[in-house]
Amino acid sequence: MARGGRGRRLGLALGLLLALVLAPRVLRAKPTVRKERVVRPDSELGERPPEDNQSFQYDHEAFLGKEDSKTFDQLTPDESKERLGKIVDRIDNDGDGFVTTEELKTWIKRVQKRYIFDNVAKVWKDYDRDKDDKISWEEYKQATYGYYLGNPAEFHDSSDHHTFKKMLPRDERRFKAADLNGDLTATREEFTAFLHPEEFEHMKEIVVLETLEDIDKNGDGFVDQDEYIADMFSHEENGPEPDWVLSEREQFNEFRDLNKDGKLDKDEIRHWILPQDYDHAQAEARHLVYESDKNKDEKLTKEEILENWNMFVGSQATNYGEDLTKNHDEL
């Protein structure tokens, strides 16, 4: 989640690859299946009932995606349970032998925050070229677009020309929004806001604006129903729409289009992708407690958690299983 020219073809390849990684809201291939825009990692958690307690495919895929859901397979069941037990002791803040929904929510939020800052740390050195522990806009621009800017002829007749031409001003606009003191240089906190704008209150207008720009194909400043559907689903000519598409059309009319004018403005887009009444960590914590609470006392013992260990290994409570492969002292 370094670009630039280290050799002609290698530089181009790295630039394109990292452009895809670090500007996910800009480059989007047309999907053939449903795509979720709502800014929350477990997009549909709480919107449809989980599978039975014998299968956690829904949990893993909702939290991770299909590929990352296999992370927990790195350890044997006994190793997973042993390490999960140590994590449970840390989640139980008051040491009363129970894990409450609130304690789980606090832990999940901590894991989320750590994941974001770890992600920034991994790419920091690629952009901080003068090693002053700050990243200027010029450093970022050269690392990201240097090859493109230095070799425009190679891109002139390609789709990449349009892509980079669109990305550069958008990245600059987002960088300036994250740069709170306006010095065109990002601290780690500011660069984190640049890479993960959905996590910062002062960046949410940028998230809304970029979403509008991505979906609004006719350029009228609104998202109509067809644009809303086209962002989620690539329709085959004369082909039938899946049932979920029909359901999304109903969602658009009944819940997205608040003023019933047939289109979404910025406020309605904000309400859609940044719902104020949804706490992702709270929803997941409640889900984990509900699925593991055998005696229905609305809190979990270590035994209840370990009995349902494979659900927790695949959830954000263990950073999708990654915490189980770390030394306990790292947590």
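Here the Cβ of each residue, glycine as well, is placed from N, Cα and C on the backbone.
For ASP92, ASP94, ASP96, GLU103, the entry in Swiss-Prot reads Ca(2+) 1 binding site. Neighbour density for ASP96 (Ca(2+) 1 binding site): within 10 A of its CB lie 10 other CB atoms from the protein chains shown.
Neighbours of ASP132 (Ca(2+) 2 binding site), defined as other CB atoms within 10 A of its CB across all chains, total 10. Marked as Ca(2+) 2 binding site by Swiss-Prot on the basis of sequence analysis: ASP128, ASP130, ASP132, LYS134, GLU139.
DSSP assigns GLU190 (Ca(2+) 3 binding site) to a helix in the three-state reduction. Taking the Cβ of GLU190 (Ca(2+) 3 binding site) as reference, residues of its chain lying under 8 Å away and at least six apart in sequence are, in sequence order, ALA178, ASP179, LEU180. Look at Swiss-Prot and you will find ASP179, ASN181, ASP183, THR185, GLU190 tagged as Ca(2+) 3 binding site.
Counting every protein chain shown, the Cβ of LYS299 (Ca(2+) 6 binding site) has 19 other Cβ atoms within 10 Å. The Ca(2+) 6 binding site feature in Swiss-Prot is assigned to ASP293, ASN295, ASP297, LYS299, GLU304; the stated evidence is a curator's inference.
Swiss-Prot lists 115-150 with the feature domain 'EF-hand 2', giving sequence analysis as the kind of evidence. Model confidence over the domain 'EF-hand 2' (115-150) stands at 94, taken as the mean pLDDT rounded to a whole number.
The phosphoserine annotation in Swiss-Prot covers SER55 (among others).
Feature annotation from Swiss-Prot assigns phosphothreonine to THR76; the stated evidence is a large-scale study or a structure entry. THR76 (phosphothreonine) falls within neither a helix nor a strand when secondary structure is assigned with DSSP, and so counts as coil. On its own chain, THR76 (phosphothreonine) has no residue at least 6 apart in sequence with a Cβ closer than 8 Å to its own Cβ.
Among the features that Swiss-Prot reports, phosphoserine is placed at SER80 (among others), with the record citing experimental evidence.
Sequence annotations record features per position, and here Swiss-Prot assigns motif 'Prevents secretion from ER' to 328-331.
Among the features that Swiss-Prot reports, signal peptide is placed at 1-29.
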Not counting ASP293, ASN295, ASP297, LYS299, GLU304, residues with a CB within 8 A of the CB centroid of the Ca(2+) 6 site are PHE98, VAL289, SER292, LYS294, LYS296, GLU298, LEU300, THR301
Starting from the Cβ centroid of ASP179, ASN181, ASP183, THR185, GLU190, which together make up the recorded Ca(2+) 3 site, report each further residue of the same chain whose Cβ lies within 8 Å of that point, ordered by sequence.
-> LYS134, LEU180, GLY182, LEU184, ALA186, THR187
Write down the Cα-Cα distance for THR185 (Ca(2+) 3 binding site) and LYS134 (Ca(2+) 2 binding site), rounded and given in Å.
-> 6
Three-class DSSP assignment, GLU103 (Ca(2+) 1 binding site), comes back as helix
